[in-house]
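K.L.:
Okay, handing you the structure first.
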Ligand code: HEM
(Lines of atoms letter the chains of each structure in order from A; the text may use other names.)
(Lines give C-alpha, C1' and ligand atoms only; values in the text may rest on other atoms or scores of the structure.)
Protein backbone atom coordinates (compact mmCIF):
# COMPACT_ATOMS: atom_id res chain seq x y z
CA UNK A 1 0.00 0.00 0.00
CA UNK A 2 1.43 3.45 -0.94
CA UNK A 3 2.14 6.09 1.67
CA UNK A 4 -0.74 8.34 0.53
CA UNK A 5 -3.26 5.48 0.47
CA UNK A 6 -2.14 4.37 3.93
CA UNK A 7 -2.65 7.80 5.44
CA UNK A 8 -6.06 8.08 3.73
CA UNK A 9 -7.18 4.73 5.18
CA UNK A 10 -5.83 5.78 8.59
CA UNK A 11 -7.77 9.06 8.35
CA UNK A 12 -10.98 7.18 7.50
CA UNK A 13 -10.48 4.77 10.39
CA UNK A 14 -9.79 7.55 12.88
CA UNK A 15 -12.79 9.55 11.66
CA UNK A 16 -15.13 6.57 11.91
CA UNK A 17 -13.88 5.75 15.42
CA UNK A 18 -14.37 9.34 16.53
CA UNK A 19 -17.82 9.50 15.01
CA UNK A 20 -19.01 6.06 16.07
CA UNK A 21 -20.84 7.31 19.16
CA UNK A 22 -22.90 9.70 17.01
CA UNK A 23 -23.82 7.56 14.06
CA UNK A 24 -24.57 4.00 13.18
CA UNK A 25 -25.27 3.05 9.59
CA UNK A 26 -27.40 0.04 10.47
CA UNK A 27 -29.93 1.99 12.55
CA UNK A 28 -30.80 4.16 9.56
CA UNK A 29 -33.33 2.13 7.65
CA UNK A 30 -36.84 3.08 6.61
CA UNK A 31 -38.15 0.70 9.26
CA UNK A 32 -36.39 2.58 12.02
CA UNK A 33 -38.68 5.60 11.58
CA UNK A 34 -41.92 5.39 13.54
CA UNK A 35 -45.00 5.86 11.37
CA UNK A 36 -47.76 8.11 12.66
CA UNK A 37 -51.16 6.55 13.02
CA UNK A 38 -53.32 6.94 9.91
CA UNK A 39 -50.42 6.77 7.43
CA UNK A 40 -49.33 3.53 5.81
CA UNK A 41 -46.67 2.25 3.39
CA UNK A 42 -49.41 0.68 1.26
CA UNK A 43 -52.17 3.28 1.55
CA UNK A 44 -53.12 3.40 -2.16
CA UNK A 45 -52.32 -0.24 -2.92
CA UNK A 46 -55.89 -1.00 -4.00
CA UNK A 47 -57.35 2.47 -4.62
CA UNK A 48 -54.54 3.73 -6.87
CA UNK A 49 -51.97 1.01 -7.54
CA UNK A 50 -50.29 2.94 -10.36
CA UNK A 51 -49.86 6.15 -8.32
CA UNK A 52 -46.11 5.95 -7.83
CA UNK A 53 -45.35 4.90 -11.40
CA UNK A 54 -47.53 7.68 -12.85
CA UNK A 55 -45.61 10.26 -10.83
CA UNK A 56 -42.17 8.85 -11.52
CA UNK A 57 -42.74 8.41 -15.25
CA UNK A 58 -43.99 11.97 -15.63
CA UNK A 59 -41.23 13.50 -13.49
CA UNK A 60 -38.57 11.67 -15.51
CA UNK A 61 -39.91 13.51 -18.56
CA UNK A 62 -40.00 16.85 -16.74
CA UNK A 63 -36.44 16.47 -15.42
CA UNK A 64 -35.05 15.28 -18.77
CA UNK A 65 -36.11 18.68 -20.00
CA UNK A 66 -35.03 20.68 -16.91
CA UNK A 67 -33.37 19.00 -13.94
CA UNK A 68 -33.64 22.26 -11.97
CA UNK A 69 -37.31 21.48 -11.35
CA UNK A 70 -36.24 18.66 -9.01
CA UNK A 71 -34.82 21.23 -6.57
CA UNK A 72 -38.01 23.29 -6.78
CA UNK A 73 -40.15 20.27 -5.86
CA UNK A 74 -37.90 19.17 -3.00
CA UNK A 75 -38.03 22.64 -1.46
CA UNK A 76 -41.82 22.76 -1.90
CA UNK A 77 -42.23 19.65 0.30
CA UNK A 78 -39.96 21.18 2.98
CA UNK A 79 -41.95 24.43 2.98
CA UNK A 80 -45.22 22.49 3.08
CA UNK A 81 -44.21 20.34 6.04
CA UNK A 82 -42.54 22.96 8.22
CA UNK A 83 -45.55 25.29 8.21
CA UNK A 84 -48.70 23.79 9.73
CA UNK A 85 -47.57 20.26 8.80
CA UNK A 86 -47.54 18.39 5.47
CA UNK A 87 -51.10 19.35 4.51
CA UNK A 88 -50.60 20.93 1.10
CA UNK A 89 -51.39 24.34 2.61
CA UNK A 90 -48.49 25.96 0.75
CA UNK A 91 -50.28 25.06 -2.49
CA UNK A 92 -53.37 27.12 -1.64
CA UNK A 93 -53.60 30.38 -3.54
CA UNK A 94 -54.09 33.43 -1.30
CA UNK A 95 -57.60 34.74 -0.73
CA UNK A 96 -59.13 38.22 -0.89
CA UNK A 97 -59.00 38.33 2.91
CA UNK A 98 -55.32 39.25 2.85
CA UNK A 99 -51.87 37.82 2.28
CA UNK A 100 -51.33 34.21 3.35
CA UNK A 101 -48.72 31.47 3.29
CA UNK A 102 -47.75 31.84 -0.37
CA UNK A 103 -47.17 35.58 0.06
CA UNK A 104 -44.79 35.11 3.02
CA UNK A 105 -41.24 36.15 2.00
CA UNK A 106 -39.62 32.67 2.12
CA UNK A 107 -42.31 31.30 -0.20
CA UNK A 108 -41.94 34.04 -2.82
CA UNK A 109 -38.90 32.26 -4.24
CA UNK A 110 -40.63 28.89 -4.61
CA UNK A 111 -40.73 28.08 -8.31
CA UNK A 112 -44.06 28.83 -10.04
CA UNK A 113 -43.37 25.80 -12.20
CA UNK A 114 -43.30 23.52 -9.13
CA UNK A 115 -46.95 24.39 -8.41
CA UNK A 116 -47.86 23.71 -12.06
CA UNK A 117 -46.10 20.33 -11.98
CA UNK A 118 -48.04 19.30 -8.85
CA UNK A 119 -51.38 20.27 -10.40
CA UNK A 120 -50.51 18.42 -13.57
CA UNK A 121 -49.53 15.28 -11.59
CA UNK A 122 -52.77 15.51 -9.63
CA UNK A 123 -54.79 15.59 -12.86
CA UNK A 124 -52.94 12.58 -14.24
CA UNK A 125 -53.51 10.66 -11.00
CA UNK A 126 -57.21 11.57 -10.96
CA UNK A 127 -57.62 10.34 -14.53
CA UNK A 128 -56.22 6.95 -13.54
CA UNK A 129 -57.78 6.50 -10.09
CA UNK A 130 -60.49 9.08 -9.48
CA UNK A 131 -60.25 11.65 -6.68
CA UNK A 132 -58.55 9.54 -4.04
CA UNK A 133 -55.00 10.86 -3.69
CA UNK A 134 -54.27 14.02 -1.71
CA UNK A 135 -52.17 16.89 -3.03
CA UNK A 136 -49.94 16.63 0.05
CA UNK A 137 -49.13 13.00 -0.77
CA UNK A 138 -48.35 14.01 -4.36
CA UNK A 139 -45.95 16.70 -3.08
CA UNK A 140 -44.25 14.14 -0.80
CA UNK A 141 -43.87 11.61 -3.64
CA UNK A 142 -42.63 14.29 -6.04
CA UNK A 143 -39.95 15.34 -3.51
CA UNK A 144 -38.87 11.72 -3.07
CA UNK A 145 -38.60 11.24 -6.84
CA UNK A 146 -36.72 14.54 -7.18
CA UNK A 147 -34.07 13.22 -4.81
CA UNK A 148 -33.79 9.87 -6.54
CA UNK A 149 -33.92 11.10 -10.13
CA UNK A 150 -31.10 13.59 -9.37
CA UNK A 151 -28.83 10.78 -8.20
CA UNK A 152 -29.90 10.39 -4.57
CA UNK A 153 -31.35 7.43 -2.65
CA UNK A 154 -34.66 5.79 -3.50
CA UNK A 155 -36.95 5.05 -0.58
CA UNK A 156 -40.53 4.31 0.36
CA UNK A 157 -42.69 6.88 2.09
CA UNK A 158 -45.75 6.38 4.24
CA UNK A 159 -48.88 7.76 2.54
CA UNK A 160 -52.41 8.76 3.49
CA UNK A 161 -52.01 12.48 4.21
CA UNK A 162 -55.13 14.60 3.75
CA UNK A 163 -55.20 18.17 2.46
CA UNK A 164 -55.68 21.06 4.86
CA UNK A 165 -58.62 23.45 4.69
CA UNK A 166 -56.70 26.62 5.53
CA UNK A 167 -53.37 28.16 4.74
CA UNK A 168 -51.05 29.66 7.34
CA UNK A 169 -50.60 33.36 8.07
CA UNK A 170 -47.49 35.25 6.95
CA UNK A 171 -46.33 35.38 10.59
CA UNK A 172 -46.76 31.65 11.19
CA UNK A 173 -44.83 30.97 7.98
CA UNK A 174 -41.97 33.24 9.04
CA UNK A 175 -41.86 31.66 12.50
CA UNK A 176 -41.55 28.14 11.11
CA UNK A 177 -39.14 28.51 8.19
CA UNK A 178 -35.61 29.33 9.37
CA UNK A 179 -33.89 32.20 7.55
CA UNK A 180 -30.59 31.65 5.67
CA UNK A 181 -28.76 34.18 7.86
CA UNK A 182 -29.50 32.15 11.04
CA UNK A 183 -26.54 30.53 12.80
CA UNK A 184 -26.39 26.89 13.89
CA UNK A 185 -27.71 27.71 17.38
CA UNK A 186 -30.88 29.20 15.90
CA UNK A 187 -31.32 26.43 13.32
CA UNK A 188 -30.77 23.70 15.93
CA UNK A 189 -33.27 25.22 18.34
CA UNK A 190 -35.90 25.97 15.67
CA UNK A 191 -35.70 22.40 14.39
CA UNK A 192 -35.60 20.92 17.90
CA UNK A 193 -39.13 22.28 18.39
CA UNK A 194 -40.15 19.87 15.61
CA UNK A 195 -38.25 17.00 17.22
CA UNK A 196 -35.25 17.07 14.91
CA UNK A 197 -31.87 16.29 16.48
CA UNK A 198 -28.53 17.67 15.21
CA UNK A 199 -28.06 14.71 12.84
CA UNK A 200 -31.49 15.43 11.29
CA UNK A 201 -30.57 19.11 10.95
CA UNK A 202 -27.30 18.38 9.14
CA UNK A 203 -28.90 15.67 6.97
CA UNK A 204 -31.89 17.80 5.95
CA UNK A 205 -29.64 20.76 5.15
CA UNK A 206 -28.04 18.41 2.62
CA UNK A 207 -31.10 19.20 0.47
CA UNK A 208 -28.94 22.14 -0.61
CA UNK A 209 -26.85 19.76 -2.70
CA UNK A 210 -29.17 20.70 -5.59
CA UNK A 211 -30.79 23.93 -6.68
CA UNK A 212 -30.21 27.62 -6.82
CA UNK A 213 -30.52 30.70 -4.64
CA UNK A 214 -31.10 34.38 -5.23
CA UNK A 215 -28.33 36.81 -4.27
CA UNK A 216 -30.61 38.39 -1.66
CA UNK A 217 -30.49 35.18 0.43
CA UNK A 218 -26.73 35.48 1.13
CA UNK A 219 -25.73 39.02 0.14
CA UNK A 220 -25.27 40.13 3.76
CA UNK A 221 -22.32 37.74 4.00
CA UNK A 222 -20.16 40.10 1.96
CA UNK A 223 -21.84 43.53 2.04
CA UNK A 224 -21.05 45.71 3.89
CA UNK A 225 -18.34 43.50 5.39
CA UNK A 226 -16.94 40.17 4.36
CA UNK A 227 -17.86 37.12 6.49
CA UNK A 228 -14.37 35.86 7.48
CA UNK A 229 -15.49 32.22 7.44
CA UNK A 230 -16.12 32.37 3.69
CA UNK A 231 -13.38 31.19 1.34
CA UNK A 232 -11.88 34.28 -0.36
CA UNK A 233 -12.01 33.07 -3.97
CA UNK A 234 -15.54 31.77 -3.47
CA UNK A 235 -16.58 35.17 -2.08
CA UNK A 236 -14.95 37.05 -4.97
CA UNK A 237 -16.75 34.89 -7.52
CA UNK A 238 -20.07 35.46 -5.75
CA UNK A 239 -19.48 39.22 -5.81
CA UNK A 240 -19.23 39.05 -9.59
CA UNK A 241 -22.60 37.26 -9.74
CA UNK A 242 -24.15 39.62 -7.17
CA UNK A 243 -22.57 43.03 -7.85
CA UNK A 244 -25.02 45.07 -5.74
CA UNK A 245 -27.08 44.50 -2.59
CA UNK A 246 -30.31 44.34 -4.56
CA UNK A 247 -29.10 42.17 -7.42
CA UNK A 248 -31.82 39.78 -8.61
CA UNK A 249 -29.36 37.20 -9.98
CA UNK A 250 -29.15 33.58 -8.88
CA UNK A 251 -26.35 31.11 -8.31
CA UNK A 252 -26.00 27.39 -7.62
CA UNK A 253 -25.92 26.19 -4.02
CA UNK A 254 -23.41 23.36 -4.42
CA UNK A 255 -20.52 24.55 -6.58
CA UNK A 256 -19.07 21.06 -7.01
CA UNK A 257 -22.12 19.28 -8.47
CA UNK A 258 -25.12 21.66 -8.55
CA UNK A 259 -27.56 19.28 -10.23
CA UNK A 260 -26.54 16.03 -8.62
CA UNK A 261 -27.94 14.79 -5.34
CA UNK A 262 -24.72 13.70 -3.64
CA UNK A 263 -22.61 14.52 -0.55
CA UNK A 264 -20.57 17.30 -2.18
CA UNK A 265 -22.52 19.94 -0.24
CA UNK A 266 -20.65 18.76 2.88
CA UNK A 267 -17.32 18.90 1.02
CA UNK A 268 -18.23 22.52 0.14
CA UNK A 269 -18.80 23.28 3.82
CA UNK A 270 -15.44 21.78 4.77
CA UNK A 271 -13.86 24.09 2.20
CA UNK A 272 -15.76 27.13 3.54
CA UNK A 273 -17.82 27.31 0.37
CA UNK A 274 -21.27 26.98 1.90
CA UNK A 275 -23.63 29.60 0.45
CA UNK A 276 -25.72 30.54 3.49
CA UNK A 277 -24.68 31.27 7.07
CA UNK A 278 -27.16 28.53 8.04
CA UNK A 279 -25.13 26.07 5.93
CA UNK A 280 -21.59 27.17 6.77
CA UNK A 281 -22.19 27.46 10.49
CA UNK A 282 -22.96 23.72 10.63
CA UNK A 283 -19.24 23.23 10.05
CA UNK A 284 -18.16 26.04 12.36
CA UNK A 285 -20.29 24.86 15.30
CA UNK A 286 -18.70 22.08 17.36
CA UNK A 287 -22.08 20.34 17.85
CA UNK A 288 -22.53 19.68 14.14
CA UNK A 289 -19.00 19.79 12.69
CA UNK A 290 -18.34 16.06 13.21
CA UNK A 291 -21.61 15.15 11.49
CA UNK A 292 -20.75 17.34 8.49
CA UNK A 293 -17.36 15.61 8.25
CA UNK A 294 -18.90 12.16 8.51
CA UNK A 295 -21.29 12.90 5.63
CA UNK A 296 -18.48 14.44 3.54
CA UNK A 297 -16.41 11.26 3.78
CA UNK A 298 -19.26 8.76 3.62
CA UNK A 299 -22.03 9.36 1.09
CA UNK A 300 -23.84 6.14 2.03
CA UNK A 301 -24.14 7.34 5.59
CA UNK A 302 -25.49 10.71 4.39
CA UNK A 303 -28.09 9.00 2.19
CA UNK A 304 -29.23 6.75 5.03
CA UNK A 305 -29.59 9.60 7.49
CA UNK A 306 -31.25 11.83 4.88
CA UNK A 307 -33.90 9.19 4.18
CA UNK A 308 -34.69 8.81 7.88
CA UNK A 309 -34.96 12.58 8.37
CA UNK A 310 -37.08 13.06 5.23
CA UNK A 311 -39.54 10.38 6.33
CA UNK A 312 -39.68 12.11 9.70
CA UNK A 313 -40.21 15.51 8.07
CA UNK A 314 -42.87 14.09 5.78
CA UNK A 315 -44.99 13.13 8.78
CA UNK A 316 -45.00 16.49 10.59
CA UNK A 317 -48.54 17.26 11.86
CA UNK A 318 -50.22 15.33 9.05
CA UNK A 319 -54.00 15.20 8.72
CA UNK A 320 -55.35 11.68 8.37
CA UNK A 321 -58.62 9.72 8.40
CA UNK A 322 -61.60 12.03 8.01
CA UNK A 323 -59.69 15.21 8.76
CA UNK A 324 -59.09 17.67 5.96
CA UNK A 325 -60.10 16.65 2.44
CA UNK A 326 -58.88 15.37 -0.91
CA UNK A 327 -58.65 18.53 -2.98
CA UNK A 328 -60.06 18.59 -6.49
CA UNK A 329 -57.62 21.33 -7.37
CA UNK A 330 -54.41 21.59 -5.36
CA UNK A 331 -54.48 25.41 -5.42
CA UNK A 332 -58.01 25.79 -4.02
CA UNK A 333 -59.85 24.13 -1.16
CA UNK A 334 -62.99 22.31 -2.30
CA UNK A 335 -65.41 24.74 -0.61
CA UNK A 336 -64.03 27.56 -2.81
CA UNK A 337 -63.77 25.53 -5.98
CA UNK A 338 -66.67 26.43 -8.29
CA UNK A 339 -66.09 23.65 -10.82
CA UNK A 340 -65.79 21.09 -8.01
CA UNK A 341 -69.07 22.27 -6.44
CA UNK A 342 -70.81 22.17 -9.81
CA UNK A 343 -69.63 18.60 -10.40
CA UNK A 344 -70.83 17.52 -6.94
CA UNK A 345 -74.27 19.02 -7.61
CA UNK A 346 -74.42 17.32 -11.03
CA UNK A 347 -73.83 13.96 -9.39
CA UNK A 348 -76.88 14.35 -7.10
CA UNK A 349 -80.44 13.45 -8.23
CA UNK A 350 -82.25 16.67 -9.28
CA UNK A 351 -84.67 16.81 -6.27
CA UNK A 352 -81.80 16.28 -3.80
CA UNK A 353 -79.69 18.99 -5.40
CA UNK A 354 -82.59 21.46 -5.18
CA UNK A 355 -83.42 20.56 -1.61
CA UNK A 356 -79.80 21.38 -0.68
CA UNK A 357 -80.08 24.94 -2.00
C1 LIG B 1 -32.39 24.34 7.62
C2 LIG B 1 -32.81 25.46 7.23
C3 LIG B 1 -32.96 25.93 5.80
C4 LIG B 1 -32.78 27.20 5.37
C5 LIG B 1 -32.38 28.40 6.21
C6 LIG B 1 -33.04 27.21 3.95
C7 LIG B 1 -32.98 28.33 3.15
C8 LIG B 1 -33.07 28.30 1.77
C9 LIG B 1 -32.97 29.47 0.95
C10 LIG B 1 -32.81 30.90 1.44
C11 LIG B 1 -33.01 29.06 -0.35
C12 LIG B 1 -32.87 29.92 -1.60
C13 LIG B 1 -34.08 30.76 -1.88
C14 LIG B 1 -33.77 31.72 -2.99
O15 LIG B 1 -33.12 32.71 -2.71
O16 LIG B 1 -34.16 31.47 -4.14
C17 LIG B 1 -33.17 27.64 -0.33
C18 LIG B 1 -33.24 26.84 -1.45
C19 LIG B 1 -33.45 25.49 -1.42
N20 LIG B 1 -33.67 24.73 -0.31
FE21 LIG B 1 -33.46 25.33 1.61
N22 LIG B 1 -33.35 25.94 3.54
C23 LIG B 1 -33.33 25.12 4.64
C24 LIG B 1 -33.64 23.78 4.67
C25 LIG B 1 -33.95 23.03 3.56
C26 LIG B 1 -34.42 21.67 3.59
C27 LIG B 1 -34.72 20.89 4.86
C28 LIG B 1 -34.56 21.27 2.29
C29 LIG B 1 -35.02 19.94 1.77
C30 LIG B 1 -34.76 18.81 2.36
C31 LIG B 1 -34.19 22.38 1.46
C32 LIG B 1 -34.15 22.35 0.09
C33 LIG B 1 -33.85 23.44 -0.70
C34 LIG B 1 -33.69 23.33 -2.15
C35 LIG B 1 -33.76 22.06 -2.98
C36 LIG B 1 -33.47 24.65 -2.61
C37 LIG B 1 -33.28 25.08 -4.06
C38 LIG B 1 -34.62 25.44 -4.65
C39 LIG B 1 -34.60 25.79 -6.12
O40 LIG B 1 -33.60 25.62 -6.80
O41 LIG B 1 -35.67 26.22 -6.59
N42 LIG B 1 -33.85 23.44 2.26
N43 LIG B 1 -33.21 27.20 0.97
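Each Cβ is built from the backbone N, Cα and C atoms, and glycine gets one as well.
TrEMBL does not curate its annotations; it predicts them automatically.
OK, TrEMBL features for this one:
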ACT_SITE  79  active site, proton acceptor
BINDING   80, 83, 85, 87, 89, 101  Ca(2+) 1 binding site
BINDING   208  heme b binding site
DISULFID  48-129  disulfide bond
DISULFID  81-86  disulfide bond
DISULFID  135-330  disulfide bond
DISULFID  215-242  disulfide bond
SITE      75  site 'Transition state stabilizer'
K.L.:
Expressed to the nearest Å, what is the distance separating residue 86 (disulfide bond) and residue 208 (heme b binding site) at their Cα atoms?
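P.N.:
Distance (Cα to Cα, whole Å): 20 Å.
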K.L.:
Using C-alpha positions only, work out which of the recorded positions 75, 101, 242 is nearest to residue 208 (heme b binding site).
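P.N.:
So, of the listed recorded positions, the one sitting closest to residue 208 (heme b binding site) is 75.
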K.L.:
Which recorded positions among 75, 129, 242 have CB under 6 Å of ligand 1?
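P.N.:
With ligand 1 as the reference and 6 Å as the Cβ limit, the list reads 75.
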K.L.:
How big is the Cα-to-Cα gap, in Å, between residue 215 (disulfide bond) and the residue listed as 'active site, proton acceptor'?
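P.N.:
If we compare the Cα positions of residue 215 (disulfide bond) and the residue listed as 'active site, proton acceptor', the gap is 20 Å.
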K.L.:
Could you check what DSSP calls residue 330 (disulfide bond) once collapsed to helix, strand or coil?
P.N.:
coil
K.L.:
If we count other C-beta atoms within 10 Å, could you say which of the disulfide-bonded residues 81, 129 has the fewest?
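P.N.:
Lowest Cβ count within 10 Å among the disulfide-bonded residues (81, 129) is 129.
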K.L.:
Give me the CA-CA distance between residue 101 (Ca(2+) 1 binding site) and residue 330 (disulfide bond), in Å, as a whole number.
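P.N.:
A Cα-Cα distance of 14 Å.
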K.L.:
Out of 48, 83, 86, 242, 330, which of the recorded positions has the smallest number of neighbouring Cβ atoms within 10 Å?
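P.N.:
Comparing Cβ neighbours within 10 Å for the recorded positions 48, 83, 86, 242, 330, 48 has the fewest.
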K.L.:
Would you list the other residues of this chain near Ca(2+) 1 - those whose C-beta lies within 8 angstroms of the C-beta centroid of 80, 83, 85, 87, 89, 101 - in sequence order?
P.N.:
79, 81, 82, 84, 86, 88, 90, 164, 167, 168
K.L.:
Just to be sure I understand the packing, how many Cβ atoms besides its own are within 10 Å of the Cβ of residue 75 (site 'Transition state stabilizer')?
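P.N.:
Step by step: centre on the Cβ of residue 75 (site 'Transition state stabilizer'), count other Cβ atoms within 10 Å, giving 22.
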